[in-house]
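J.: Before anything else, here's the structure in question.
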There are 2 protein chains.
Amino acid sequence: MKILKIIKIGGNIIDNEDALSSFLDTFAAIESPKILIHGGGKLATQLANQLGLEVKMIDGRRITDKATLDLITMVYAGKINKNIVAQLQSRNCNAIGFSGADGNTIVSKKRPVKTVDFGFVGDVEKVNTEILQVLLEHKLTPVFCALTHDKKGQLLNTNADTIASELAIGFADQYQTELYYCFEKNGVLSDVNDEDSVIKQITTQTYQRLIDDNIIADGMLPKLNNCIHAIEKNVHKVCIGKSEMLYDAAANFTTITK
Amino acid sequence: MKILKIIKIGGNIIDNEDALSSFLDTFAAIESPKILIHGGGKLATQLANQLGLEVKMIDGRRITDKATLDLITMVYAGKINKNIVAQLQSRNCNAIGFSGADGNTIVSKKRPVKTVDFGFVGDVEKVNTEILQVLLEHKLTPVFCALTHDKKGQLLNTNADTIASELAIGFADQYQTELYYCFEKNGVLSDVNDEDSVIKQITTQTYQRLIDDNIIADGMLPKLNNCIHAIEKNVHKVCIGKSEMLYDAAANFTTITK
């Protein structure tokens with residue numbers, strides 16, 4: 001089976017021009033088929049401040065009202081996505097930008113209102129890989145922003161980590177899929193204050209013990225749940241760490257396998 | 001030869017929610033392969049005002065500085081493009097959004113500085129139809145915003161009429177291409193104050209006479225030059241008028257042929 005690398009980057013790369021440029025050099029040089037997923041970084045908040053848009057939070061979680069969705073669509077699908085695509089093109093990587101609405105690639109459902117109405121936030125229901133598969137075969141590189149749609153005309157703000165894992169799962173029967181979460185730390189740490197305490201290997205078996213022993217910090221849990229879910233759905237491996245892990249096998253990072 | 005319809009819409013449709021919805025109904029119902037190109041409408045100017053961005057004009061022409069390009073990228077490629085794509089998806093039209101950077105489909109060159117530096121404005125140099133052709137064969141519908149790139153990492157603001165004609169020309173050897181410019185008037189008028197004075201048919205021969213006789217108004221000249229250029233490059237026909245022309249052959253509009 002051919003390898004497909006699905007790589008997610010977050011604010012620590014997107015918000016820093018030099019870090020982004022250096023990451024895109026690395027990404028463009030990857031020879032196997034690949035897909036990039038990017039979050040939004042601080043740009044959306046900056047623009048919201050410029051426009052005097054109020055950031056609405058309930059229980060510490062951001063609410064996506066209509067104005068915020070419009071803003072996110074402009075920043076994620078517009079400015080960030082198109083600039084990444086143009087920069088990859090200059091590196092001879094034939095990138096093509098996507099939201100989940102494009103080609104109906106990711107269909108989600110507006111999160112049901114229980115105690116909190118999160119607004120225009122979508123939980124992924126279905127990934128359609130057919131057209132992406134055709135593009136990959138033609139050596140194109142899809143670049144996804146963190147927006148999906150409900151197939152009824154509504155765009156929805158969707159967690160970029162989840163988009164990455166759902167895409168990896170969607171391709172798991174056609175490719176040996178490898179999922180990479182690039183973030184600001186060296187990996188999953190056993191001591192959150194010690195960058196050198198990277199847990200190099202996690203399996204579905206050892207994962208439960210790490211949770212039972214309270215070794216994994218709260219902030220890592222949603223990310224790791226995404227990873228374990230992907231592994232259980234036949235994604236070949238998930239790696240978490242700094243983007244150096246993409247080219248330096250000796251780098252410190254966490255690998256999750258079955 | 002199969003027919004390919006390439007349809008451009010402007011501000012009169014984009015700026016009006018009902019007009020856009022009604023147009024998208026019509027567009028989605030077109031059975032032949034099709035491509036949509038949209039301009040920007042008033043949204044970019046509105047956002048510029050909200051952000052306190054100065055609109056720079058020289059000799060009555062807008063200058064695209066860095067801040068304006070960012071704003072256009074957010075509005076055209078983000079908000080307008082993704083909302084059109086999502087709305088077409090809800091009408092079972094498998095739309096996929098494009099700037100010219102995506103898939104390296106439209107390469108342009110920053111307009112050289114002569115007397116005026118227009119800033120980040122691109123003149124189209126090359127259209128790459130291969131990947132679009134693959135998508136059309138898979139029944140996808142590309143939706144283009146008015147942005148291209150220089151293949152060196154720079155996005156460029158590009159005239160939407162020109163993008164439409166260059167795409168039509170690019171496909172002229174693979175399809176019987178029909179180019180439709182939807183705008184606020186019934187067509188090319190022989191009397192600019194009389195909506196009923198539509199010139200129904202223009203050919204490359206009669207065009208020169210219309211110019212010599214001063215019958216075509218100044219504002220129409222750039223649009224018509226685009227059309228005639230397309231016809232000379234083997235586009236099958238170009239139609240100019242209200243969007244009714246897309247489904248009502250009896251409607252009043254202008255057809256340009258060889």
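Keep in mind that glycine also has a Cβ here, set from the backbone N, Cα and C atoms.
The annotation domain 'Aspartate/glutamate/uridylate kinase' is assigned in TrEMBL to B:5-241. Summarising the annotation, TrEMBL assigns site 'Transition state stabilizer' to B:K8, B:K223. Feature annotation from TrEMBL assigns substrate binding site to B:G40, B:G41, B:R62, B:N157.
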J.: For the substrate site as recorded (B:G40, B:G41, B:R62, B:N157), determine the largest distance between any two Cα atoms, in Å, rounded to the nearest integer.
T.: 14
J.: Take the mean position of the Cβ atoms of B:G40, B:G41, B:R62, B:N157, the recorded substrate site. Which other residues of that chain put their Cβ within 8 Å of it?
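T.: Everything else in range on the chain: B:G39, B:A44, B:T45, B:I72, B:V75, B:Y76, B:A146.
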J.: Using DSSP reduced to three states, classify B:N157 (substrate binding site) as helix, strand or coil.
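T.: Assignment for B:N157 (substrate binding site) reads strand.
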J.: So if I draw a 10 Å sphere around the Cβ of B:G41 (substrate binding site), how many other Cβ atoms end up inside it?
T.: 20
J.: Give the distance between the Cα atoms of B:G40 (substrate binding site) and B:K8 (site 'Transition state stabilizer'), rounded to the nearest whole Å.
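T.: Just about 11 Å between their Cα atoms.
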J.: Could you state the whole-number distance in Å separating the C-alpha atoms of B:R62 (substrate binding site) and B:K223 (site 'Transition state stabilizer')?
T.: 18
J.: What does DSSP assign B:K8 (site 'Transition state stabilizer'), in three states?
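T.: Reduced to three states, the DSSP call for B:K8 (site 'Transition state stabilizer') is strand.
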J.: Determine, to the nearest whole angstrom, how far the Cα atom of B:K8 (site 'Transition state stabilizer') is from the Cα atom of B:G41 (substrate binding site).
T.: 13
J.: Which site among B:K8, B:R62, B:K223 has the most other CB atoms no more than 10 Å from its CB, taking these as recorded positions?
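T.: Answer by Cβ density within 10 Å: B:K8.
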J.: Expressed to the nearest Å, what is the distance separating B:K223 (site 'Transition state stabilizer') and B:G41 (substrate binding site) at their Cα atoms?
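T.: Approximately 17 Å lies between the Cα of B:K223 (site 'Transition state stabilizer') and that of B:G41 (substrate binding site).
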J.: Could you say which of the binding-site residues B:G40, B:N157 has its Cβ with the most other Cβ atoms inside 10 Å?
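T.: The largest 10 Å Cβ neighbour count belongs to B:N157.
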